[in-house]
């Protein structure tokens, strides 16, 4: 390609830069809220989608059996990672004491606070 054929279009350059900025900002937010591994898993999913679309758009490209086995192993890894992560999050959200113990403790606290209440002598002022 000759240098004279290259044309600089400011709007294409600007829109590309804006998309790159938005992508970096969204990655920053995702890593901040979830973690770096989630971005890696999302990258794997993006690759799968690109491969699937490329086989549709370019039918001359073929996926071999070895490719399918590799994708299946990667899929199993993603599913296992998500399962373990959800299980750990649920385990960390469980309270350390049972609900019955919490109800008993709350009831005892309410009883103690009501024992401290002394009604004013409203009958004397009537």
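In case you wondered, yes, glycine gets a Cβ from its N, Cα and C as well.
Please treat TrEMBL annotations as automatic predictions, because they have not gone through curation.
With DSSP states grouped into helix (H, G, I), strand (E, B) and coil, the domain 'Sugar phosphate transporter' (11-82) comes out at 63 helix, 0 strand, 9 coil. According to TrEMBL, the domain 'Sugar phosphate transporter' annotation covers 11-82.
The list of residues near the transmembrane segment (6-30) in space but at least 6 beyond its ends in sequence, with Cβ under 8 angstroms from a Cβ of it, reads 38-39, 42. Marked as transmembrane segment by TrEMBL: 6-30 (among others).
What TrEMBL lists as transmembrane segment is 37-58 (among others).
Long-range contacts of the transmembrane segment (64-84) within its own chain (CB-CB distance under 8 A, at least 6 residues past either end) are made by residues 37, 41, 44-45, 48, 51. Per TrEMBL, the feature transmembrane segment maps to 64-84 (among others).
The predicted model assigns the domain 'Sugar phosphate transporter' (11-82) a mean pLDDT of 86.
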